[in-house]
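Peer 1: Provided herewith is a single structure, encoded as structure tokens, for subsequent inquiry.
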């Protein structure tokens, strides 16, 4: 069994395509076309490094990861060039989390401040969770009062893990989170894994229940929560218990092993820089069953699990 | 006066190099899993590990700049890295000075205005010392910053050159450094040829300065090619893995 990589698309040099074209075209016009064509094609896997000229055509606009010097668009990062119409941007392959409104993130409370919590979401500054954007225990709907402000630590304490949604940006670029849904809130009964944020892609749902009786929350910031399955429908949740610090009592050794196994599968996938979603985690879990749990931290076992999972996904796609 | 002969009659240096020859450079990035970016660089027998954390929430509220990120460089020399085992305190003035050189070198190149109110930490660890630690640190830090996905206008490549006996020599090793040779370290942006750091701690005749500087500049260009290849290979490998 081996990995198959997509070969990078060969770059079409100006000379080679010039040879194939007719001579009846005006030289300037032809050159412009070649450039446009070359730049379009190269963008498939066009890797640039800092200071490299991406284009000297003034028609293009600079996007993220680029800057303009002497009317040329240059890269400021090592990454892949992406082009949307006239906008050129460079996407770094490994970086901190950059959020968008609506993203589901997992974070850790770092500080309790005036009417707000600071949350580490592995972004370039801590996100902010306002007291006004959390639900009160018991689901009471009312304005937050001073008494609520005084018992903020009863809701979230430093070190607590939360799952939340990005609600807005502050003017300095910090994220404002909210947990105004029963899906969001404090995390219990499980284990935490941090992977590179680029490996979790935006999709319909980031809350998954796997067949092995484990729930997974894939935070878009690369923080992942793997926990014991809590059978529930949204209207059966005990709203008083939303901020409880107690794990449920009946987490059996079997459940614990499943959690650890899924967590190790995710680590294995992350180590092989593979995108993480519920399908591939399930396949990796199945592939991991032939290994002992304690062997799953070994490099070669991680590799083989990741490989088998890729193959399984490819087979499924046909 | 019994001195080591730094340049043989055939024109070879103590370690057998020609005057305009660099030592062998090997480098890798992403060596640490916890850091946002990291690099390991061997420059001859000088070995450096660089780790970059950030941009992240600034640790000291008072230092926060509202329009850009602050750079923080910490420099550490392992006790076993030098010929003579010696533990250095954290406040060793020499180390603090080196750290501030690195900081000043990167401040104009890293586009800090993109990361307001945050902090970028660069930790440098010398594992083995054989001359040219500053150049090795700057080169390793460049790679680690790029690996961390931090925006920079260009690479920063550093190289030393000095005047050994009768001619300019590139990339001095520890023996050459410690026998009273005048040595210049420069850090350069290889694409534009701009220089962000020139450091010299000994006397050098002004007539010789130009030769030494231009030689160091050539060295920087060469180092750029070497580290650009490492960065590019790594980026292409990741891009291929992630292009599904």
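Just so you know, glycine gets a Cβ as well, placed from its N, Cα and C.
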Peer 1: For the annotation region 'Disordered' in TrEMBL, which listed range does it cover: A:1-24, A:25-48?
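Peer 2: When A:1-24, A:25-48 are checked in TrEMBL, region 'Disordered' belongs to A:1-24.
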Peer 1: Counting by DSSP secondary structure, give me helix, strand and coil numbers for the domain 'K Homology' (A:190-232).
Peer 2: 3 helix, 20 strand, 20 coil
Peer 1: Which residue counts does DSSP yield for the domain 'Exosome complex component N-terminal' (A:47-84) in the helix, strand and coil classes, in that order?
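Peer 2: Across the domain 'Exosome complex component N-terminal' (A:47-84), DSSP assigns the residues as follows: 0 helix, 21 strand, 17 coil.
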Peer 1: Go ahead and report the DSSP secondary structure tallies for the domain 'RRP4 S1' (A:96-167): helix first, then strand, then coil.
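Peer 2: Tallied per class, the domain 'RRP4 S1' (A:96-167) gives 12 helix, 30 strand, 30 coil.
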